[in-house]
Amino acid sequence: MSPPRDRVDAYYKDNFQFKNTRVVLNKEQLLIERPCMLLTVLFVMFLSLVGLLAIAGIRLHRAAVNTAKINNDLTTSIDITKSIEYQVKDVLTPLFKIIGDEVGLRTPQRFTDLTKFISDKIKFLNPDKEYDFRDINWCINPPERIKIDYDQYCAHTAAEDLITMLVNSSLTGTTVLRTSLVNLRRNCTGPTTTKGQFSNISLTLSGIYSGRGYNISSMITITGKGMYGSTYLVGKYNQRARRPSIVWQQDYRVFEVGIIRELGVGTPVFHMTNYLELPRQPELETCMLALGESKLAALCLADSPVALHYGRVGDDNKIRFVKLGVWASPADRDTLATLSAIDPTLDGLYITTHRGIIAAGTAIWAVPVTRTDDQVKMGKCRLEACRDRPPPFCNSTDWEPLEAGRIPAYGVLTIKLGLADEPKVDIISEFGPLITHDSGMDLYTSFDGTKYWLTTPPLQNSALGTVNTLVLEPSLKISPNILTLPIRSGGGDCYTPTYLSDRADDDVKLSSNLVILPSRDLQYVSATYDISRVEHAIVYHIYSTGRLSSYYYPFKLPIKGDPVSLQIECFPWDRKLWCHHFCSVIDSGTGEQVTHIGVVGIKITCNGK
C-alpha cells in the first residue's frame, strides 16, 4: 500500500486545475479575523433592524394620520346625513305634503271650478232664445252717468268673482274659529293655566325683508275671516354699489295681503298672495287699512293734519288710495282719491294708524276730526271734566287740537270699492265720548252685525283704552260701552276715558292698540311693553266682559331697550288665541333701532273641576 504522500500527489496529478495549488491554513490569522467578521455581520444586522423599525414607525404614523382623517370624514358624513335627514323629515316631508295637497286635491278642484266658471260664462254670453238679457245690462248698456271702461268692465267683474271663489275654496280647510276664544267653561271656578307658543314661520314679503336685515318700520297688520293684510315702510340697502364703502338706502311703502294657512307645523302661517311696493313719497307716510270681501283697501296721506274747506275739500291734499285683491287681478288699483265733505262744519282731519272694515263693497274707517261747533256742543262737557281734578288731556300739548283748545269729534270715512265707483272719500261726523289722544282708532264688526265696535288704545300710564259702539243707520251715533266715566254735570252725553291714579307703573313703558275678538261676548286684547323682569317682555292682557274675567301672558323678548312702537293683531286659531306683534325698540346696547316680529299662541286651561 502506497504511503499517504503518494496518494496526495496522485490526486493533484489527475486534477489539472489544482495541480500547482496549495492551501496553507494560518491558524493564528483565522483566530484574529473570525471575530471581526462576526462583529461586521452583527452591525449590518443591527442597521437593518433599525431601518426596519424606522420604516415601520413611518408607516404606523401615516396609518394613524389616515385613520384620523377617515374618522373626521366619517363624522362629517354623519353630520351631513343627519342634516339631510332633518331636512327631509322636518322640511321636505311637510313641503311634499303641501305640494301633494295642492297638486292632488286643490288644483284639480280649482281647475274644475274654473272650467265650470268658463262654461257658465260661455252659456251666459251665448244664451238660449228664451234667456233674459236683463242680467247683462251693465255689460251691454252701462248707465251714462257712470264713467267706466266699457271694454274692461265685464272682464274685471269676472276676475273679481273668480278671486272670491278661489279665496273661499282656499279657506275651506282652515281652522278659523268664530266662537269664544279663551276656551273656558262658564262654571270654571278653579285656577287657570296660561301657556304660550311662539312662531316666526311665515311666507310673507316682510319675513324675507326681515331675514335680509332690512329696516322695517311703521307696520300695522289686520286680520279677518282667514285673511290678513299689512303695510309697512322698508329701507333696502344698495346691492349694486361700485365701492363697498358706499352704502345708501332706498325706502319703500309696501302693501301685502294673503291668507292664513295651516301647513302642518302646528301654527298659523301668513301666506302672502298679492302685494304692492311703491317708492316712499310724502303722501305715503301714514296709512290706514281695511280688510274684507277678499280684498285689502288702504288710504294714505302725508303725516300732518288735513285742513278741510267746504266746497273745495282736498284741493291741497293728496290722498293715495290702494285696493288689492287677495289674488292679483286687473281690478287692483293705485290712484289718488278726492275728499268730499257733506258737512260744512268740518274743518280738520287727523289720521294716524287706523284699522277699518269692508262691508257691502265699501271701506269704512273712524278717525278724529274737528268741527267749528265744538265749543257749542261739547264746551260744557269739557269744562266739567277739567274742573276738580283735571286729567292730563286738559292741559295737553302733545296733540295739536288739544293744545289749541279744540274738542275733537268722531269722523267716519267711507270709500266705495266698486269698479264703476270713482275714488272719492266721503266724510260724516258726530260728537261722542271725549277723545283725549291721537294714538289711533280701530273699527270691528260686532258678532250680530248690527253695530260696530270702535276702540281707542290705552294711553301709557295715564288712561285706559275705550270700547264704544258706532251705528251708521239711520244716522251716525257713537255711544260709550265700557271703560268710560260719565260726567254727570256735563250733560246727558258727556263721557271721558278712565284715567289712572298719579302713581304710575314705571315698569310699563308702552301700550299697544286694543283688539276686539270675534265672539258672542265682548272680549278684547291689549299688550304692554314691560321691563319688570330680567328679560323685557310683551305682556298680553285678555279681557272677557261677559264672564268678568281677565288673563295675561308675558312673552319674553330676545331684545332690550326703550320701546318705540308696539302693534298687535289677534285672531282665533285651532282652540288658541294667536296674536301677531310688531315691536320696535332702541337697543340699550348698540343704540340702534331693532324690531321683533312674530305670532304668539295663547291657550288658557281651566284647572277646576
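The chain as shown is numbered from 1 upward.
Quick reminder: no glycine exception, Cβ is built from N, Cα and C everywhere.
The N-linked glycosylation site feature in Swiss-Prot is assigned to ASN168, ASN187, ASN200, ASN215, ASN395. According to Swiss-Prot, the feature topological domain 'Intravirion' maps to 1-34. Residues or ranges marked as topological domain 'Virion surface' by Swiss-Prot on the basis of sequence analysis: 59-609. Per Swiss-Prot, the feature transmembrane segment maps to 35-58.
A 10 Å cutoff on Cβ-Cβ distances gives ASN395 (N-linked glycosylation site) a total of 10 other Cβ atoms nearby, all chains included. Long-range Cβ neighbours of ASN200 (N-linked glycosylation site) (same chain, at least 6 residues apart, Cβ-Cβ under 8 Å): GLY207, ILE597, GLY598, VAL599.
Long-range Cβ contacts of ASN215 (N-linked glycosylation site) within its own chain (separation 6+, distance under 8 Å): VAL234, GLY235, GLN249, GLN593. Taken residue by residue with DSSP, ASN395 (N-linked glycosylation site) is part of a helix. Mean pLDDT across the topological domain 'Intravirion' (1-34) comes to 55 in this model.
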